[in-house]
Amino acid sequence: MSLIKPSGRKGPVSGKAAGRRNDNNRIYGCPLPLIFWYPPPSRVRTLLGLGVLDEATRSVWVASKNDSTLLWRRGFFGKGDLSRSEPSWLARQINSRRAGGNRLTSEEMTAKRRAERKQFKIDRARAIAAVAAEAEAVFESEGRVVVPALSGPAIPSAATWKPAPVATEPPDTPVTPQDEAPEDEEPPEDLEHLQLTLPEAFFLLWNLDCLTVADPHTNDLLSIQQIWIAFQAAYLTPPIPVSPKPTPVLQLDNPFLINYIVYHHYRSLGWVVRGGVKFCVDYMLYKRGPVFNHAEFSVVVCPVYEDPADQEASVVGLHNAAPFPWSWLSTINRVNSQVYKTLILTYVTIPARSRVSLDVLNSPACLQHYSVREVTVRRFIPARMRD
Amino acid sequence: MDESLEQPDAKPPTVSLDGISPEDGDQASDDEGDVVLDWTKLLPSAARPVIPRRGEKEFEPQPGGGSGLQVHVLDRSRNAMFDALRATRTISSKAVSYAIWHPDMARAHVTLARGTLFTSLGHSAPRLVVAADGSKKYHKRLELLPEEALYLVERGTVFCWKETTLDLASVEGMEEVLGPPMSVQQAFSEMIGTEDLTLERYQVYAYLKRLGYVVTRATAPNSLYPMPPPFDLSPFKRKPPSILNRICSIFPLWISKISRMLNGGFNWWKPFRMSRWLLRDKNYGSVFRALRFIPAGHDIPLLPIKREPPAKPSPYQIFFNVHKPTTPYRKSAPCLPDYQIVVINARTTPMPTLRELTDLFDISPEMPPPLPRQRRPLKANTPPASDTKPDTKPAPKPAVKPAPSAPPPSLGRRIVNWIRPPPPGPTMMVRPPHPFMAIKAGKKTVIVAVVDAGSTSFFRFGQGAFSEWAVT
C-alpha cells in the first residue's frame with residue numbers, strides 16, 4: 001500500500017512578479033516527484049512519465065508537456081531541448097508574438113540583463129574616455145599631469161548605473177527567433193521535449209519508480225533489467241548507430257556508472273544536481289533548486305582505479321582519471337571562485353578487476369563496490385590568514 | 001611655453017622648471033612640489049629602496065597617442081621602478097649579525113646575533129670546541145638551517161662567511177679571520193640543495209617569513225632540532241547530540257533494520273520502498289535518508305590497503321610547520337603549528353592523487369567545525385577562546401571546544417527529557433555551524449604551496465564531509 005501518488009495537475013500559472021518567492025515556494029515546493037497523502041488512502045501508484053531512450057544523445061526524451069513540467073517543478077530534473085533549463089520554448093514564442101508578455105522566461109531575463117550590461121559598459125567607456133580627454137587637454141595646455149580616474153562620481157559603476165528610460169529600444173528586446181507570422185492567433189504547437197540525462201532517468205525510475213522508458217525502435221516499454229543494461233551500453237557504443245548493433249562487454253569503469261554514483265550520492269543528500277559544463281565542471285549543487293539559490297558547489301568527478309593496471313587495460317576513455325596538471329586546477333578554481341562557487345573534487349573509486357568479477361555489472365548491486373569521497377579545494381592566501 | 005612642453009621628459013624634476021616663465025612661478029612650484037613629493041616617496045633621503053605601489057590599469061590607449069599624457073605617465077612609473085631597483089642596498093654595521101656557513105654540516109653558525117629576528121630563527125646545538133688551553137668542551141651555539149641563513153643573508157641582516165679548510169691562523173694579519181665572505185649569489189648557489197632545501201621551498205619560506213609567520217621544518221633535520229608535540233589524531237568529538245536527537249536517530253535505524261530483515265535483505269532492483277504502516281517515513285527527509293546506500297566518505301578504507309613501497313617517495317610530504325604571527329612562539333619548546341604546508345614544483349608534479357591526499361589527511365589533525373558568525377555576544381560561561389578562535393586552526397584543543405558537554409543523564413532523566421524536552425539551557429546559545437561553512441572547511445585540511453617558476457599559489461584541500469551535512 002504505497003502512499004505515493006504523483007499528481008498529474010499543473011500548478012496554476014502565477015501572475016505578477018510581486019509574490020515571486022511565494023509562488024516559487026508553492027510551485028517548486030516538492031523536492032521530488034512524489035506526493036504524500038494524509039490520511040493514507042488506498043494503494044495508488046501511477047507511473048508518472050513516459051520517456052523514450054535516445055542513444056545518440058545518451059538521453060531520455062519526455063515528450064508529454066505535463067510530464068516534463070512536473071519533472072522540472074518537482075526536483076528540477078532534465079532540461080528542455082530548446083531551452084537553457086526549464087522547457088520554456090513555447091512561452092518564449094507566445095511572448096515574442098504578443099510583444100511584451102506578462103512574465104519573462106529566464107532566457108529572456110538573461111537576454112535583457114545582457115543588453116543592459118552591454119549598455120552599461122558602453123556608457124562607462126564613454127565616461128572614462130571623457131575624463132581621459134579632459135586630462136589630455138590639461139596636459140596639452142598647462143603641462144599639468146592629471147592621472148585620469150577610472151572610477152569616481154563622473155564614471156558610472158555597476159552599483160550606480162541605471163538603464164536609460166527607453167531611449168534606445170533595440171537592446172532591451174529579447175533576442176529570440178522571430179516568426180514572421182504575427183497575425184495568427186493560434187498558439188504555436190509545442191515542439192519542445194524534456195531531455196533527461198541517463199543518470200537522471202535512472203535515478204527517477206530505479207529509486208522513485210516514477211518513469212518508464214520505451215525502446216526507440218519498437219516503442220515497447222523496457223523492464224528495469226533491460227534499462228540497466230541499455231543505459232550502460234549507451235556509453236560503450238559509438239554514438240553513430242551501426243548495423244548490426246554490437247553488444248558491448250560491460251565495463252567497471254563505465255562513465256554511466258561513475259556519473260550515476262555521483263548523481264545519486266548528492267541527490268540522496270538532498271542537493272539538486274545539475275550539469276556544470278558552463279563552469280568547466282561536471283555538476284553543480286543547488287540547495288533547493290536553481291529558482292531559489294545560486295549553486296553553492298561545483299563538482300568535478302575524478303574516477304580513481306583501485307588497481308592502476310585496470311586503468312592501463314581500460315577500453316573506456318574515462319575523463320579526469322589522471323590527476324590534473326596544476327594549471328588546469330587553477331583554471332577551474334579561478335572560474336568557479338569568480339562566481340562564488342566552491343570547487344569539490346569528487347573521487348569515485350572503481351573496484352579492481354581482480355577483486356570483483358564483471359558479472360556484478362548485470363545488476364545495480366555492483367554499486368556497493370564503488371565508493372565516493374569528496375575533497376574541497378579553496379585557495380589559501382597567507383596574507384589574509386595572519387589574523 | 002607650449003613648445004617646451006610639447007615633448008615632456010619623463011623625468012619631471014629635471015624637466016619642468018626649465019621652460020617655465022617667471023610669471024608661472026606659483027604654478028611651477030606647485031608642480032615641483034608634487035613631483036618632488038613623488039620622488040621622496042620613492043627614494044627617501046637614505047636612498048633606501050621602496051617598492052612602488054601598483055597603479056590602476058589604463059582603460060585603453062588614446063587614438064594616435066593623444067597629447068602624450070599616457071606615455072608620460074607610463075614612463076614616469078617605469079623610471080620610478082628602475083630607480084627603486086637601482087638603489088644601493090645598505091645595512092648598518094651596528095645592526096648586522098655575523099655567521100659562518102659550514103658546508104659539511106649544512107648549517108650556519110651565528111657568531112654574533114643582533115635583533116629580534118633570532119627569537120624565532122635558528123636552534124641551539126652543542127658543539128665540541130677546543131678552548132685556548134687545549135681542553136675540549138661542548139658549547140651551545142646558535143645554528144641556522146640553510147633556508148634561515150639564506151633568508152637572513154638575502155634580507156641584509158646577516159653577513160655570512162664560509163668556513164675554510166685553509167689554516168688562516170698562520171697567515172699574518174688573518175688570525176681573526178675564519179673564512180672568505182659570501183656574496184648573496186654565492187649563498188644562493190651553495191645553500192640551496194643542502195638539507196632538502198629546494199629553490200621552491202626557499203621561495204615559500206621567504207614569502208611566509210616576510211609576512212611575519214614563524215616557519216619551521218615539519219620533520220626534524222637532526223635530533224637537536226626542537227619539535228612541537230605530536231598532533232592528537234583521534235577523531236574530534238563533537239558536542240554530543242541532544243537526547244531527543246539521539247533517540248530519534250536510533251529508531252529509524254532499528255525499524256529499517258527489522259523491516260529489511262522481514263523483506264529479505266536489500267533488494268538492489270528495488271532499493272527504496274515505503275513501509276506501508278508507519279507514518280514516520282512519509283516525508284521527503286526520510287525518502288532521502290533511505291536513498292543513502294552508496295558507500296561514501298573518507299572513513300571507508302581506500303583499497304588496496306596493502307601496497308608495495310613505491311619506487312619513488314611521493315613529493316607530497318609536509319615540509320613546513322607554520323605559526324601565525326600572533327601565536328606566542330617559544331623557540332626551545334614550540335607549540336603546535338597553525339598550518340602545515342607541502343611545497344611542490346608545479347612544472348614537474350601533477351596534482352596529488354587520492355592516495356596521496358589520503359595519506360596526508362591521515363597525519364593531519366581533525367578540526368572542529370567552524371563556528372557560526374556571532375550576531376550577539378555569548379554569555380560569560382562560554383569559554384572566551386571560542387569567540388576569537390579562527391575557523392582554520394588545525395590544532396583542536398579541548399580547552400577551546402565550542403560548548404562544555406554535560407555529563408550523560410540517567411535513564412529516567414532521559415525518558416523525561418524525551419517526553420518533555422528540557423528548556424533551552426545556556427549551551428543552546430551556541431548555534432550549530434552553518435552547513436555550507438562546515439562543508440567548505442572540511443574536517444581536515446592540507447595546504448599545498450604550488451610553485452610555478454617562482455610564482456606561488458597556495459591551495460587548501462579539505463577532507464569533505466558532505467555526508468554529515470545533508471541539506472534536507
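Here the Cβ of each residue, glycine as well, is placed from N, Cα and C on the backbone.
TrEMBL entries are annotated by machine, without manual review.
Features as listed in TrEMBL:
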- A:1-22: region 'Disordered' (REGION)
- A:159-190: region 'Disordered' (REGION)
- A:180-189: compositional bias 'Acidic residues' (COMPBIAS)
- A:256-348: domain 'tRNA intron endonuclease catalytic' (DOMAIN)
- A:TYR286: active site (ACT_SITE)
- A:HIS294: active site (ACT_SITE)
- A:LYS341: active site (ACT_SITE)
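Between the CA atoms of A:HIS294 (active site) and A:TYR286 (active site) there is a gap of 7 Å. Among the listed active-site residues, namely A:HIS294, A:LYS341, the Cβ with the most fellow Cβ atoms inside 10 Å is that of A:LYS341.
Residues of the domain 'tRNA intron endonuclease catalytic' (A:256-348) grouped by DSSP class, helix first, strand second and coil last, total 35 helix, 24 strand, 34 coil. In the predicted structure, the domain 'tRNA intron endonuclease catalytic' (A:256-348) carries a mean pLDDT of 93. Distance noted between the C-alpha atoms of A:LYS341 (active site) and A:TYR286 (active site) is 10 Å. Counting every protein chain shown, 20 other Cβ atoms lie within 10 Å of the Cβ of A:TYR286 (active site).
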